[in-house]
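Encoded as structure tokens, the structure appears first; notes follow it.
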Amino acid sequence: MLSRLDQPIAAIATAPGRGAVGIVRVSAKDVSSIIAAICPRDLPPRQAVYGPFRAADGSAIDQGLAIHFPAPHSYTGEDVLELQAHGGPVVLQLLLARCLEAGASINLRVAEPGEFTQRAFLNGKLDLAQAEAIADLIDASTEAAARSATRSLAGEFSREIHALRDALIDLRMLVEATLDFPEEEIDFLQKADAQGQLERLQSHLARVMQRAHQGALLREGLHVVIAGQPNAGKSSLLNALAGAELAIVTPIAGTTRDVVRQTIQIEGVPLHVVDTAGLREGADQVEQIGIERAWGQIEKADAVVFLHDLTRADSADYQAADAAIAAKLPVDVPVIDVWNKADAVDGGVRFAHLPRLAAGHPTSDATGRVARDAGTVSEANPTDAPSITLSARTGDGLDKLRKHLLEIAGWQAAPEGVFIARERHLHALRRVDAHLMEAAAHLARQAQALDLLAEELRLAQNALSEITGEFSADDLLGVIFSRFCIGK
Ligand code: GDP
């Protein structure tokens with residue numbers, strides 16, 4: 001009985017729906033029986049052969065190209081057959097069914113999601129970070145995200161991880177060797193500049209974390225909610241940011257009864273912007289549901305744009321309603337006060353004294369989800385709540401808002417280029433960082449704590465290896481014996 005990972009698999013590799021071309025892919029230890037059953041003749045390695053794909057009764061299911069990638073020179077590292085047919089759902093289903101039928105004797109089954117890539121990883125074609133980059137490239141929502149995924153796929157991220165790992169192994173070798181000669185340890189570590197090595201490692205790690213954090217931001221984006229009283233111009237602002245008529249704009253209060261969301265990009269960073277129902281008292285039942293949903297969105301946001309209407313800024317009722325909303329805003333979400341309709345008011349700039357209703361909320365780079373991940377949490381400064389005046393109608397001031405949203409996201413394009421990263425990677429990097437900090441503390445205490453130092457370095461290496469998916473328990477011994485001559 002074959003284990004699941006050894007079973008031959010087949011699947012339609014192209015997106016569902018109609019298209020010019022569709023691909024059915026088979027991966028197995030040996031696909032020759034399927035080629036013999038379906039294809040018109042033998043397939044030379046990696047060459048496209050045109051002809052009919054045959055059904056069991058010899059009739060043609062479709063005409064197309066068949067390509068055989070003999071193991072190990074294939075995506076999965078196994079024997080792979082690709083059948084390129086016309087891209088109709090029925091044709092491709094028939095072709096897949098035919099492959100399963102022809103492969104019944106070798107137990108061919110339908111692949112689970114990601115199973116081809118999983119095999120590529122298990123067969124050493126890709127490491128884990130690269131395998132993840134493939135999924136991220138397919139899911140990329142902006143050009144910058146796609147480019148950074150390509151960088152990770154090409155192994156840029158993995159190479160940085162390997163460089164960190166090699167430096168860690170060098171340091172571990174030194175410390176482990178010192179453990180064997182306790183009487184000389186302090187001298188030995190000092191001579192070899194263990195502290196300098198560790199510091200260089202930490203600063204390299206910090207650079208990698210910065211690039212990975214930016215990559216995570218490109219992947220996840222920032223969730224921004226536009227909230228405020230009805231008619232403040234929330235839908236207009238979303239449209240202006242998106243550059244299209246997405247939400248319905250009308251002069252009647254309470255038009256946006258549900259949430260409208262749109263992903264826009266600023267400098268390649270995806271911003272998932274949500275326009276919500278206007279927050280007000282005394283709304284009818286349907287509108288009330290929209291308002292509840294709006295609050296639900298606000299609770300989950302990475303940032304809230306609290307929109308106010310400049311033309312009503314002098315009304316006491318308007319101010320009171322704004323203050324009531326401000327009092328209900330969750331304290332741990334960054335809020336930006338934005339005053340809209342500057343075009344309708346003489347000299348909008350003189351409104352610089354406008355009340356900062358969001359005062360007390362964390363501001364730029366403070367508590368955005370992604371920023372928190374990177375460990376860049378800074379103390380909120382209540383007096384610093386920003387206030388931006390703009391016109392959704394003319395677009396004046398929009399750039400200031402865009403820039404501020406990027407600041408909240410903690411976006412700074414890394415000069416060396418960003419590689420896509422996931423929360424899993426950031427989590428592992430943070431653990432590496434914590435172990436290296438502990439290691440530095442032990443190194444400072446030297447004699448008493450060398451074994452603890454060695455242990456922290458070992459844990460740091462394990463955390464690093466999780467990123468690329470290697471298990472390196474025995475690596476170290478191998479390196480010690482091959483590169484370090486103890487007997488000397
Ligand atoms: P919402 O209820 O907050 O989504 O507000 P809307 O976007 O539907 O806008 C309410 C009204 O304000 C509409 O009549 C818009 O044309 C108007 N409005 C929105 N933004 C501006 C602006 O920047 N300047 C001016 N003069 N009017 C605006």
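Using N, Cα and C of the backbone, Cβ positions are placed for all residues, glycine too.
Fair warning: this is a prediction, and the values are worked out from it, not measured in the lab.
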Between 163-190, 331-358, 415-442, 443-470, I'd like to know which one TrEMBL lists as coiled coil.
443-470
DSSP three-state assignment for LYS234 (GTP binding site):
helix
Pick the one among the binding-site residues LYS234, LYS341 whose Cβ has the fewest other Cβ atoms within 10 Å in this structure.
LYS341
Could you give the Cα-Cα distance between SER235 (Mg(2+) binding site) and SER391 (GTP binding site), in whole Å?
12
Summarise the model confidence on the domain 'TrmE-type G' (221-410) as a single mean pLDDT, whole number.
76
